[in-house]
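Peer 1: If you scroll down you'll find the structure; I have some questions about it.
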Amino acid sequence: MNCLSAMFKYLLYLLNLIFVAGGILLIVVGSIMLSTMGNFTAFEGAVNTQTIPITIIVIGCVTFVVAFFGCCGTIRENPCCTTIYAICMLILFGLQLALSIWIFAANDKFLTSMGKVVDKAWDENDAAQGYPMDALQLAFNCCGNAGYDEYVGSKPASCCGYKDRNKACEAEIYTLRPGCQTEFVDFWASNTDIIRWSSLIIALFELGIFIMSCCLASAMRKR
């Protein structure tokens with residue numbers, strides 16, 4: 001193996017280690033997003049809110065597995081494994097690029113739909129639906145749809161962060177809390193910004209790794 005091939009080999013190994021860590025990071029980010037929403041994901045109208053976190057977790061798992069086997073194939077200098085790894089990296093590149101483009105193109109529409117999820121939770125906030133606003137208010141430290149003054153009379157305990165619905169909610173707490181629609185939409189806006197730019201950057205790295213993997217596999221076959 002010539003000097004350039006050796007350089008590609010160790011560069012790919014180093015990048016694979018980074019992608020193993022990146023895969024774990026994506027899994028953690030997706031899990032944190034799901035965890036932040038708490039029991040609100042159980043609300044029937046909030047099904048769409050799980051799409052992006054679950055997609056991130058799946059991509060993170062695939063990235064971790066592909067990068068792990070890429071490390072093994074690169075170190076063992078197996079041209080077959082390296083070629084398969086290159087193909088998998090090309091597929092990952094396509095998935096990451098598609099996710100990034102989709103978020104760039106549909107971000108405003110997506111955020112509007114997230115606002116409608118809160119509207120639906122507000123409209124269906126009853127015992128039959130399991131009081132979805134309680135889950136939302138506990139998860140995001142907010143009160144009401146647009147604000148606490150939308151509640152007539154006493155405010156629900158969840159506006160003060162209490163899980164016990166029978167507990168009284170004090171004015172000095174709920175008056176400081178913003179409306180849930182603003183908090184929920186802002187949560188998704190900040191996360192989609194991170195996701196779309198990081199996905200685009202990762203996709204470009206994956207394209208570079210695909211090209212280097214092809215070159216390395218070709219050099220292995222010529223030995």
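Quick reminder: no glycine exception, Cβ is built from N, Cα and C everywhere.
Automatic prediction, not curation, is the source of TrEMBL annotations.
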Peer 1: Just confirming the record: what cysteine out of Cys159, Cys160, Cys169, Cys180 does TrEMBL connect to Cys142 via a disulfide?
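Peer 2: Disulfide pairing in TrEMBL: Cys142 with Cys180.
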Peer 1: Which of these links to Cys143 by a disulfide bond in TrEMBL: Cys159, Cys160?
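Peer 2: The record-listed partner cysteine is Cys159.
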Peer 1: Among 12-34, 84-105, 194-219, point out the range having the most Cβ pairs under 8 angstroms from the transmembrane segment (54-72).
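Peer 2: Against the transmembrane segment (54-72), the leading stretch is 12-34.
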Peer 1: Which ones in the same chain are close to Cys143 (disulfide bond), with CB under 8 Å and 6+ residues apart in sequence?
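Peer 2: Cys143 (disulfide bond) has long-range Cβ partners Gln137, Tyr151, Lys155, Cys159, Tyr174, Arg177, Pro178, Gly179, Cys180.
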Peer 1: Under 8 Å between C-beta atoms and at least six residues away from its ends: which parts of the chain pack against the transmembrane segment (194-219)?
Peer 2: 1-2, 4-5, 8-9, 11-12, 15-16, 19, 22, 29, 52, 56, 70, 74, 79, 82-83, 85-86, 89-90, 92-93, 96-97, 99-100, 103-104, 107
